[in-house]
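Beneath this line is the structure, given in structure tokens, with notes to follow.
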């Protein structure tokens with residue numbers, strides 16, 4: 001309830017600010033939002049004067065969110081298959097690297113924004129579970145010759161305090177995505193994998209997250225932030241929902257550093273990926289947009305500065321596969 005009230009208050013303040021800024025010749029432009037537009041946020045009429053990119057196409061800001069929504073609604077069912085086909089499976093290694101750098105510990109709360117089909121969250125829960133099993137094995141080896149007191153304790157029913165501590169240390173992942181079709185596919189994957197504990201699915205906009213302040217230990221967004229209309233607002237929301245000491249991690253396509261690799265990558269991207277999209281997903285245009293959106297995204301250093309300007313500290317990035325992908329990381333103090 002508190003989150004809903006705060007979200008409404010932020011919208012009122014933001015809309016008021018936009019209306020003031022869009023005043024022309026002493027006249028305030030009223031805000032309007034089509035009632036049937038479920039995919040994007042309300043923008044004032046003045047916002048239509050502003051434009052942004054949708055791939056290589058220039059569109060009004062208020063139109064981009066709806067068009068991006070339709071792209072992912074179209075590709076949702078074949079999204080995971082296309083990821084394997086486009087990257088030749090290498091996307092799995094990139095995501096594994098994100099988890100390796102994150103090194104999550106039991107009890108952490110993860111917010112996986114633009115999490116779609118749940119790849120990052122599934123890896124997060126698996127990683128934490130493996131950590132717990134490793135600790136349990138280490139403890140078992142240390143107790144191979146227990147004393148009689150330890151044997152006695154092992155047969156004692158757990159107290160309420162211990163149960164509460166175990167429950168408190170359970171890691172949780174929240175997959176948040178604006179696209180209901182992507183979440184639907186993610187839920188189906190979770191059911192087929194038998195994953196239910198510690199995982200939840202929330203429809204939400206990266207620019208206006210439906211969560212209270214200081215809620216999460218880690219915020220991840222993998223291959224999603226380039227599709228956000230206002231990246232600065234998404235970064236500000238990341239700062240808001242993270243706990244002090246929380247970590248922001250972004251895995252995104254970036255700028256290739258090697259000239260030869262760059263030429264090969266461009267040729268493959270523009271000539272092969274849309275074809276794969278047509279053959280596998282029956283959708284050339286959506287994958288043409290995805291290729292173009294990668295080229296419009298800021299380079300590694302520019303995005304690093306954007307993260308710092310949002311309020312994060314100790315911001316760093318690692319290039320993966322020669323800069324095809326970059327992993328950016330920063331902390332909230």
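Even glycines carry a Cβ here, placed using N, Cα and C.
Cβ neighbours within 10 Å of residue 206 (S-adenosyl-L-methionine binding site), excluding its own Cβ and spanning all shown chains: 23. For 117, 177, 205, 206, the entry in TrEMBL reads S-adenosyl-L-methionine binding site.
Taken from TrEMBL, the feature compositional bias 'Polar residues' covers 141-157.
According to TrEMBL, the region 'Disordered' annotation covers 138-160.
Candidate binding-site residues: 177, 205. Fewest other C-beta atoms within 10 angstroms, 205. Neighbour list (residue 117 (S-adenosyl-L-methionine binding site), Cβ cut-off 8 Å, at least 6 residues apart, same chain): 76, 79, 80, 182, 185, 186, 189.
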